[in-house]
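Among the features that TrEMBL reports, domain 'Major facilitator superfamily (MFS) profile' is placed at 29-481. Marked as transmembrane segment by TrEMBL: 22-42, 90-107, 114-133, 139-161, 173-196, 202-225, 287-311, 323-345, 352-376, 388-409, 430-450, 456-477.
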Amino acid sequence: MAGGGVIGVGGGDGRKPYPGNLTPYVTVTCIVAAMGGLIFGYDIGISGGVTTMTPFLQKFFRKVWEKKEADKSTNQYCQYDSQTLTMFTSSLYLAALLSSLVASTVTRRLGRKLSMLFGGLLFFAGALINGFAKAVWMLIVGRMLLGFGVGFANQSVPLYLSEMAPYKYRGALNIGFQLSITVGILIANVLNYFFAKIKGGWGWRLSLGGAMVPALIITVGSLVLPDTPNSMIERGQTEEARAKLKKIRGVDDVDEEFKDLVAASDASKLVQHPWTNLLQRKYRPHLTTAILIPFFQQLTGINVIMFYAPVLFNTIGFGDDASLMSAVITGIVNVGATLVSIYGVDKWGRRFLFLEGGVQMLICQAVVAACIGAKFGVSGNPGDLPKWYAITVVLFICIYVAGFAWSWGPLGWLVPSEIFPLEIRSAAQSVNVSVNMIFTFAVAQVFLSMLCHLKFGLFLFFAFFVVVMSIFVYYFLPETKGIPIEEMNQVWRSHWYWSRFVEEADYPNGGMEMSKGNHGPKNV
């Protein structure tokens with residue numbers, strides 16, 4: 001039996017789903033909010049490119065540069081293996097982990113907007129320090145501040161989007177966050193390509209300092225955005241929330257949805273310690289999903305490509321210019337495939353995209369491992385690489401990136417942000433972001449050492465986890481397409497496995513608008 005329960009909305013009990021339209025107001029609002037993803041994407045793209053720029057390495061990581069120069073004709077797998085260099089990249093994610101825990105309280109008590117504002121300001125400060133860095137310690141301090149900003153933004157933006165969007169369009173609007181991440185990566189790769197050509201060797205300063213631009217976008221955006229009705233109700237602004245709900249839905253008949261939001265808020269206020277509450281048996285499905293989805297997202301191997309795309313292409317035999325251009329190509333594929341996800345997520349469903357993307361990534365990882373293994377072997381000395389070989393590697397990496405970009409990339413942020421009830425939503429989202437950052441940090445920190453020791457087997461290592469996570473999705477992840485966010489507990493109560501943890505009495509408000517005749521698990 002497949003694990004995805006399918007819930008009907010507005011079915012046999014005669015009740016209708018929440019009325020509302022996709023208004024221009026909410027569309028523009030969600031586009032502005034989604035730009036919070038630019039700061040995360042820009043950083044992912046910029047760091048890998050900067051670490052291949054010779055003037056940057058000569059100034060801050062001279063031993064890495066000397067090793068790279070000395071090893072050109074020998075082991076290509078190990079030329080960038082440096083814990084100090086990887087700490088430059090991965091320190092951001094350790095800081096993001098710490099700040100996401102603080103961001104939970106800010107997001108819950110002061111609103112999603114303020115959390116975005118803090119994220120923008122901290123990221124701006126980090127970009128400024130990195131752009132003017134004179135020593136490694138300044139780079140690390142700047143990266144830590146960037147990380148604090150990412151932690152706040154990644155905590156608040158997905159929640160904001162899920163709460164603002166009409167449930168029928170929640171998937172597409174929420175994936176705007178991932179689209180911004182991919183656009184940020186692409187912009188960073190393009191800038192790295194051109195800045196690396198600046199005479200005098202100071203282009204890396206423009207690359208790192210350029211992060212101030214996306215920081216300003218989210219900072220200004222957070223000042224002009226409205227707060228979500230959920231957050232306003234949670235902070236006692238009930239009548240203002242009703243008026244705001246009418247405006248964002250574009251209809252006057254919001255009583256049904258408003259009543260459920262108020263009921264959810266009342267339940268939320270009874271929870272004094274949301275972190276402790278997360279450990280209750282009835283939240284076992286939510287907590288498991290909040291941990292495993294970001295865990296698997298990072299172990300798809302995508303960060304091998306996105307953090308270190310220029311490094312990786314350089315390592316497998318491309319020149320510096322060619323490696324940066326290859327990173328630009330994967331960035332374009334990333335953006336295009338994310339648009340496919342925006343189109344299809346509310347049509348085809350979350351589970352279909354998860355599973356199709358998993359199969360696609362698995363095949364590509366096997367092919368890339370075979371290609372690199374055939375030419376580099378275990379010695380890491382490929383000799384002369386033919387053009388067809390380079391094209392084949394780039395092609396399959398691009399197909400792999402496309403598979404991730406319309407599945408685990410956007411859905412890794414969408415699904416956790418939409419499945420939590422209001423009383424644990426901020427705390428659970430912090431768990432989601434924290435786990436994401438723990439494993440982003442771990443992968444970034446150990447990847448170059450793993451490449452040096454596992455060689456082409458590294459791709460098979462990540463392929464193993466793609467198999468495991470696809471099995472998890474097939475059996476244990478319910479379909480959440482088309483379910484109002486405050487009715488989401490129905491998907492757990494109808495699931496073949498998770499229903500044993502969720503009692504009907506636990507959610508007196510949950511599922512009142514759902515079809516009573518469609519609660520059994522169905523194969524998808």
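Start at 1 and count along the chain as shown; that gives each residue its number.
Note: Cβ is positioned from N, Cα and C throughout, glycine not excepted.
Among 22-42, 90-107, 139-161, 456-477, 90-107 has the largest number of CB pairs under 8 A with the transmembrane segment (430-450).
Confidence over the domain 'Major facilitator superfamily (MFS) profile' (29-481), given as mean pLDDT on the 0 to 100 scale, stands at 83. Listed as Cβ neighbours of the transmembrane segment (388-409) (distance under 8 Å, sequence separation of 6 or more from its ends, same chain) are residues 178, 181-182, 296-297, 300, 302, 305, 313, 316-318, 322, 326, 329-330, 333-338, 340-341, 344, 353-354, 356-361, 364-365, 367-368, 371-372, 375, 469. Within the same chain, residues 33, 36, 39, 60, 99, 103, 106-107, 139, 141-153, 155-157, 160, 205-206, 208-212, 214-223, 225 sit at least 6 positions outside the transmembrane segment (114-133) and bring their C-beta atoms closer than 8 Å to a C-beta of that stretch. Taking Cβ pairs closer than 8 Å, the transmembrane segment (90-107) reaches residues 43, 47, 114-115, 118-119, 122, 140, 143-152, 154-156, 159, 274, 426-427, 429-430, 433-434, 437-438, 440-442, 444-445 in its own chain, all 6 or more past its ends.
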